[in-house]
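Look at Swiss-Prot and you will find 347-411 tagged as domain 'SAM', backed by sequence analysis. Annotation source Swiss-Prot lists domain 'U-box' at 416-487. The annotation repeat 'WD 1' is assigned in Swiss-Prot to 10-47. For 52-93, the entry in Swiss-Prot reads repeat 'WD 2'. Look at Swiss-Prot and you will find 95-134 tagged as repeat 'WD 3'. Residues or ranges marked as repeat 'WD 4' in Swiss-Prot: 137-176. If you look up Swiss-Prot, you'll see 179-227 marked as repeat 'WD 5'. If you look up Swiss-Prot, you'll see 237-276 marked as repeat 'WD 6'. If you look up Swiss-Prot, you'll see 279-318 marked as repeat 'WD 7'.
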Amino acid sequence: MVSLICTLQSHRDDVNCVAFSGDLLATCSADKSICVYSSRDFSELPFSPLSGHGYGVHCCCFSACGQYLASCSTDATTMVWSMDTGEIEAVLEHPGRSPVRVCAFSPDSSHLVSGGSDGSIALWDFTSRTLRRTGVVNDTSIVACSFTPCGQMFITGSTYGDLRLWDLNMNHLHAEKNAHDLGVSCAQFAPKMMKGTDGCVQFRLASCGQDSLLKIWIVSLLPSAGIKMQLAHTLTGQSAPVLSCAYSPDGQMLVSGSVDKTVTVYQADEGVLLYTLHQHDRYVTACAFSPTAPLIATGSMDKSVNIWRMEEGSSAQGKSLPDEKAAFSNTEGRKACGHSRLMVSEWSEEEVLAWLREEGLEAVTDAFKSNNIDGEELLSLSKETLSSDLHIESLGLRSKVMKKIEELKMVPVYNGTPDEFLCPITREIMKDPVIAADGYSYEREAIEAWISTKNRTSPMTNLPLQTTLLTPNRTLKMAIFRWSTSQ
């Protein structure tokens, strides 16, 4: 059977990607951050969240050894982070400054590939952190990429609907046009090579798309040095666009997440549906298997990440699991699993104390407890009140507390905020919404900064803006004002 063991709720916006290493889990979000957890107890690491991207983070992936994490963003960069310190090791600027939608390491981590919204592909030499080759698929966005197990080729998937196979010299080896009607959303090779009946090397590839289908392909390297790609299975276990898919470490199982809010688990060889998991409240955008434990992580637009455990001998074909919340017991002295930082003003005194312990501020918990500090009082504190009323004598300690409080105040998005009130670039509530030439509304300051640095292309469509004229959206501004005053 499959059981839900933990729900992580650290992000303030849509979760876009989840990735496991041997002992870590990374999640990234439209809130511009990356969270990193221990995969043993799912406590958040001391240096998490990672903040460095200027816009939403679309994808993240670990190097083979787990020492590095790569993340890519609308800000046109792929960042490399040290998992020892949480520090930025390198910032790789995508050719043409296009938003970067996807990134992937080769199995030996010698190469890193990234795909852009303008159809550009960058192949990086990871050892030297230098650009090795570039390629392009015209009139589309690259939203999926994955290396073959041998590391000598990689696949890309686009919003146009095609799958394309490339070698490390960016030679185009094969194109499977119209692989998914309306566009590909994800593609991943199984981790192991196979041999065909004629002795040729074969790879299994899973892909999913806006056509609500999950497909399994056999990619064969023919003796004549040609490439043959055959459709082996078409899986129809979900009723809406399938946004993500991932193989288990042994290649025996396949998981997928969908707009219909479900997670499906298949036996990969025959495409047999094993489980349908119901838990998320919105689209399931990301999924991944742990390489070292029978665990699945799923991420969603409901801002949460669910951790599922696969029990040995799971074979209940087609079983649909009920929508039940599972408890998770936290151990003392670490960050509480799934502790929400939204609506701080509504925190109870106990939640404030839990937050202090999470932030390593145990030294002031007695003072806060004796003064009955709840969320509303927490936000009103100053250095002066910490000294005069709470009698915290250490200047350094007062400064640390105020720094953490200021970080809480910077959280811009609250539960229940209508999505149309959020700027597509910053994902923050708009104060001065304007309509750009692409028809979308943005925060004025954000779109002006975008236009000045992004060669006048639309943040939403990546097509050229016919004019830089911005029209105030007074109707939206009034709607935001009415909503905010009612909260």
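From the backbone N, Cα and C atoms, a Cβ is placed for every residue, glycine too.
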Notebook entry, point to check: Given the model, what does the mean pLDDT over the domain 'SAM' (347-411) come out as?
Noted result: 86
Next item on the list: Verify whether three or more Cβ pairs under 8 angstroms connect the repeat 'WD 6' (237-276) with the repeat 'WD 5' (179-227), leaving out any pair fewer than 6 apart in sequence.
Entry: yes
Next item on the list: Count up the helix, strand and coil residues in the repeat 'WD 2' (52-93) according to DSSP, in that order.
Entry: 0 helix, 24 strand, 18 coil
Next item on the list: Count the residues of the repeat 'WD 4' (137-176) that DSSP assigns to helix (H, G, I), to strand (E, B) and to coil, and report the three numbers in that order.
Entry: 0 helix, 22 strand, 18 coil
Margin query: What does the DSSP secondary structure composition of the repeat 'WD 6' (237-276) look like, as residue counts for helix, strand and coil?
Written below: 0 helix, 23 strand, 17 coil
Checklist line | For the domain 'U-box' (416-487), the number of residues DSSP places in helix, strand and coil | finding: 26 helix, 12 strand, 34 coil
